[in-house]
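Note sheet for the following structure.
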Amino acid sequence: SATSITIAILINALAREYLLMVHNHLFSTLCCFVLLHLACFDELQMRNVLVWLVLDYVCDGVYILDIAVRLHTGFLDQGLMVKDVRRLRETYIRTLQSKLDICSILPTDLLYLTVGISYTPLLRFNRLLRLPRLFEFFERTETRTGCPNAFRICKLVLYILVIIHWNACGYYSFSKVLGLGSDSWVYPNASDPEFGSLTRSYIYCLYWSTLTLTTIGETPPPVRDEEYLFLIFDFLVGVLIFASIVGNVGSMISNMNATRAAFQSRVDALKHYMHFRHVSKVLEQRVIRWFDYLWSNKKTIDEQEVLRSLPNKLRAEIAINVHLDTLKKVRIFQDCEAGLLVELVLKLRPQVFSPGDYICRKGDVGKEMYIIKDGRLAVVGEDGVTQLAVLTAGSCFGEISILNISGSKMGNRRTANIRSLGYSDLFCLSKQDLMEALQEFPHARAQLEQRGRDILQKEGLLEEVNVSAGEELEEKVERLESSLDRLQTCLARLQSEFNSSQLRLKQRITALEHNITTVATGSGFLSDADGNESVSGGDGVRSEINIRL
């Protein structure tokens, strides 16, 4: 129904916030810490029993709501969102997680009434079956977060705390089974005022668990065989788990520094090369400052290499999202059709210039246009010092020279010297890339050229005579193209007539040959050596027929 589809769409839209709220707070805190803590420490059970019962059943209500939400949560099938409620339900019910969810909400705590026992958290241990939801939350958050390495470290810290907490609870429960204070290894007797409080009990067990799992030791030695076995198991768990955790931490730290290490390797290799080739100290310092700028401004990533793994469609959408607004600031590209802008966006190449670098010099042939993304450029005089103008972010130059506009007084050459005042980030569009894009958009090409002429005419940089001559030349070209089209049409018609005449001639020759063959077979022709064929009639009269084809 429409209502069910609406619910599915709504749940899909709110899925991320829902998982963040439920899984992170309820599952990790209540399942991993509180439930086991309540089961092991009796004093904590007996305090505020009503509060614990209310929290338990509130969580049960949230778990039931979670199942209802899962029955209406959409999923992607071959990239399309599935909204059919019946299919959503069938898909969820077939999963293993649905069975775990159902088992986790079985009312095992009804044994409170049937058996007649008091509040016992052990009867609610089936709620721990929802722990896979916590791992699902971790996976989704790790994929979506902007700081995956920091999140992984926080996750490992949480794992360590949970393992130490569980082991502390196990140690206290094992001590109760053996008898509190029965020997030096178990927890001291609760009758001792120093160890009788709940806070002291938990902190002591947590301290013992930390020393044991980290294999630091310095705890009382075991006395009984059971204690030896428990401690051996703890040592094995500590060695295996914490070794893997430390290995993961080291791997994450290495990954966090991988970019820095690769960048430093490039710098060291270049330093070695410059030293080997005896590059001057001044130039060497410029190179080092260049690398410092790249690292401090996070420009060490090769954008083309990063985007190479994406399909063309997604790569185009990212380029449009990043560069389209910048391209629209160029005068000649304003109000252009969207298809052309998309083609040009994909051809923009980022370039970075150091302080004092010339972007172009007066008289150079213009093969690129530039758009300033960040930084400042100065239009300088012949001496390279006098500043005639300053170009800032969003400015562009060189767009007219790459259009080959006839009648331009500038031609295709640069009319000014432009230097970078500091480190400047520019986008470059080459003339070749522009012409390749305009081949698919001839109408847009005419518009751009006309817009360029208008700009040149407004600035007094367009020669009217040449414009008229150019227009006459264009008219002649159009007339020649029209005449060529007519000639091609006539040639095609003549070719068609020739083919038709040739076909009819072949048909007539074939028919004639067939008739001759029929006559020759029926009359009994005999051929002599001179090419004259003799025929004997039925009446004995001989005649000669001379056949020439």
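Cβ atoms here come from the backbone N, Cα and C positions, even for glycine.
According to TrEMBL, the protein carries these features:
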type: TRANSMEM; residues: 25-41; note: transmembrane segment
type: TRANSMEM; residues: 156-174; note: transmembrane segment
type: TRANSMEM; residues: 228-250; note: transmembrane segment
type: DOMAIN; residues: 332-438; note: domain 'Cyclic nucleotide-binding'
type: COILED; residues: 470-497; note: coiled coil
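Residues 152-153, 156, 159-160, 163, 167, 171, 174, 212-215, 222 of the same chain lie 6 or more positions beyond the ends of the transmembrane segment (228-250) yet place their CB under 8 Å from a CB of it. When pLDDT is averaged over the coiled coil (470-497), the result is 79. Secondary structure by DSSP for the domain 'Cyclic nucleotide-binding' (332-438): 18 helix, 40 strand, 49 coil.
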